[in-house]
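Since the structure comes first, as structure tokens, the remarks are kept for the end.
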């Protein structure tokens, strides 16, 4: 590892991959990135001439579902990414080296490719108790994160953990798990939310960065526009049922069998920005809604803290009891309605009892 | 504007004489035609928005038949968006009219919190509504308490609904739309648009509550206080009855 100067194409050919397969890969990647036909040759050219980008992949407070997803990428295959496209110099999960040997690599890369490597972070850093809730190599992870971020070119925040905080940052968040962009503020950070992110989204993003040598265009939330600019809802194949007003109302009803819209079952598709309904999962086989289950909104900020996954309206906990906007609103409107009725009654009573005297007075 | 009862009576008399109306009837022209027109269009838009909005939030019973034969939820959402545009345009024109119209046209856009006499009058109104004060004071336009409610429960609430509403609308029109360019900042405050939905939904109930109070007090004051209320927003004239 650490051979950052070699080109992708050299590595690919050395591994016995034919030029034909290489070009197939380039066109597939160009298509999955939504680029024009010319981009395929641009990608091929870039991979033939550019040195591989060194990548350090670190794991903070996380569950490794991002890596699990990543290794299942079909277009491009993850072996192509890890072995050919990037120079994945450090990843505690899949690297052969261990212990001091592994930790030595990270220091070596930091010194050798100062300001050139990409830091990919899976998970986040807990800040409570000086970061003692996540120890990596005998030190709090947050220290390692800060040190490595210092000399990086850019940071990829893999998954909802790194992007938003995810389950470990859900209330009451005892470890103060903090998303990467709240810890590192002076580096470009690409958020790739999702629990986990879609495999093809992850590998395509890596391909984009290595191909064009720059970061993709990001949206307001710091997510790559190419994958996160539309909601699940916008490209959902059940959308016609939504517009028609055809909803599943129980998991075993006729509408569920007919594959109607899961809006009433609490599907978060209308508020979730991700590529699931376009790219789908497991090599394009399916995605949650296609399997008959609503979207969780797993790529959205604080999705654990919005009440049940199966409720349309968000649970609001500020009132001590679990309620949603409708219940709170109806209670408030009802109370005011009662107050109005009572007030009207008192007004009427007062008027009835006072009027004779007043009339007499006026006469 | 000095709203003390003495000054008011003088003003009423002066206006009445000028307009050639019976001075003893005491009539003042308060709500100009654009304000009245806006009031009723706005009320209709809010009715449509409230109903369609509730159904968008809670959805409707499922429709039978083929998806291609139905478009009910689409129509409900269209009604919501259409009425939203009507409300927004009306609100903008109403702001314009606050500058162009008579002094009363400005009243719903500010609360003179800094004025001591204002608070005294608010206190009197509270006493009046609590059945403590025997007589209400007379006001040409909204009474001070009404102004307070109008500003916070209506003007600010509607502005909030317009901003969050257009932000949510931008989710459908996309990140390149003018709606997103103008209102996308809402998602910097609430990165998860689910929260924006929730706040927008709470706003609905704020406006429902306002409508309850607004209609009740308008009818009540029309009956028990010393001036016309309900007919004023139709004719524009405030009639003082004693």
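Backbone N, Cα and C atoms are what each Cβ position is placed from, and that goes for glycine too.
Values in this document were obtained by computation on a predicted structure and should not be read as measured data.
For residue A:161 ([4Fe-4S] cluster 1 binding site), applying a Cβ distance below 8 Å and a minimum sequence separation of six or more within one chain yields A:60, A:61, A:62, A:63, A:66, A:122, A:123, A:124, A:167, A:168, A:169, A:177, A:179, A:195. The [4Fe-4S] cluster 1 binding site annotation in TrEMBL covers A:63, A:66, A:161, A:195.
Per TrEMBL, the feature domain 'NADH:ubiquinone oxidoreductase-like 20kDa subunit' maps to A:63-206.
Taken from TrEMBL, the feature domain 'Cytochrome-c3 hydrogenase C-terminal' applies to A:228-309.
The feature [4Fe-4S] cluster 2 binding site is assigned by TrEMBL to A:233, A:236, A:261, A:267. Around residue A:233 ([4Fe-4S] cluster 2 binding site), the C-beta neighbours below 8 angstroms that are at least 6 residues distant in the chain are A:239, A:242, A:269, A:270, A:271, A:272, A:277. According to DSSP, residue A:233 ([4Fe-4S] cluster 2 binding site) sits within a helical segment.
Under the heading [3Fe-4S] cluster binding site, TrEMBL lists A:276, A:295, A:298. All chains included, 25 other C-beta atoms sit within 10 angstroms of the C-beta of residue A:276 ([3Fe-4S] cluster binding site). In the three-state DSSP assignment, the secondary structure recorded for residue A:276 ([3Fe-4S] cluster binding site) is helix.
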Close in space, distant in sequence - residue A:295 ([3Fe-4S] cluster binding site), Cβ under 8 Å, 6 or more apart: A:232, A:262, A:267, A:268, A:269, A:272, A:276, A:288, A:289
Mean predicted confidence [pLDDT] for the domain 'NADH:ubiquinone oxidoreductase-like 20kDa subunit' (A:63-206): 90
Counting every protein chain shown, other Cβ atoms within 10 Å of the Cβ of residue A:261 ([4Fe-4S] cluster 2 binding site) number 28
Determine, from DSSP, whether residue A:267 ([4Fe-4S] cluster 2 binding site) sits in helix, strand or coil. coil
Given the [4Fe-4S] cluster 1 site residues A:63, A:66, A:161, A:195, which other residues of that chain have a Cβ within 8 Å of the mean position of their Cβ atoms, reported in sequence order? A:62, A:64, A:65, A:122, A:123, A:158, A:159, A:160, A:166, A:196
Residues of the domain 'NADH:ubiquinone oxidoreductase-like 20kDa subunit' (A:63-206) by DSSP state, where helix covers H, G and I: 62 helix, 30 strand, 52 coil
The one of A:63, A:236, A:267 whose CB sees the fewest other CB atoms within 10 Å, among these binding-site residues: A:63
Cβ neighbour count within 10 Å, max among the binding-site residues A:66, A:195, A:298, goes to A:66
